[in-house]
């Protein structure tokens, strides 16, 4: 499913053709200060492709602009030891980046024999976000493992991972619904959810930061919300100067707008 930016192409053409007109538009606040040319409240182009791989019960390629992540969901009978006999299910996640998903090669963590703190933090974030979207008692004693593999990174890999993982998770649950031996105890899905980054870039609140913006942002925030408008997690960090209450409210409003748009894309992907 393709998210097409709803913006005036004529303004972009004028900006390219006439520096004088560009200055005038900047003075009027009509030209974007973002490297990509997007407006402050504009998402990148988003694609959600279901059934991307052959074997997994749920699989998605999610693309946020140039950030691309493969999310797979694997169903396994049984649960971790601490849940055995409880009748409750479990959802967990793993996250990784291919060595050349970035502009220079990063060695595989498996070769070093240890995951980085960043990797551990992100996969825990993905797992607990997805668990918050389910009634685990209704999942029965089944485990769903989500694998998020970044094949190309241009900012927002964790938010793209959560967004794609949600779709893969729903497909895995639909698989269990059709499986006579799945032992579901009703529909475990409580919410759809999605995630997006927001931040303060050049003094202005912006939505869905790419790498150029993220690396220069004064504030970077990741927001995870449900389709009912509830917050699952908010992570916000000031990089140089504190952000104000007003800036916080502006970022949360942008996140709310962006996540509503993304959830519509998720729903449209299921309608295909």
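Glycine residues also receive a Cβ, built from the backbone N, Cα and C atoms like all the rest.
Summary of the site annotation: TrEMBL records phosphate binding at 156, 157, 158. Screening the candidates 112, 118, 128 against this entry identifies 118 as the one listed for that site.
Mapped onto DSSP classes, the domain 'Exoribonuclease phosphorolytic' (42-172) shows 43 helix, 43 strand, 45 coil.
In this entry, 118, 156, 157, 158 make up the residues listed for phosphate, with the farthest two CA atoms of the set 13 Å from each other. With a 10 A radius on its CB, residue 158 (phosphate binding site) counts 23 other CB atoms from all the protein chains.
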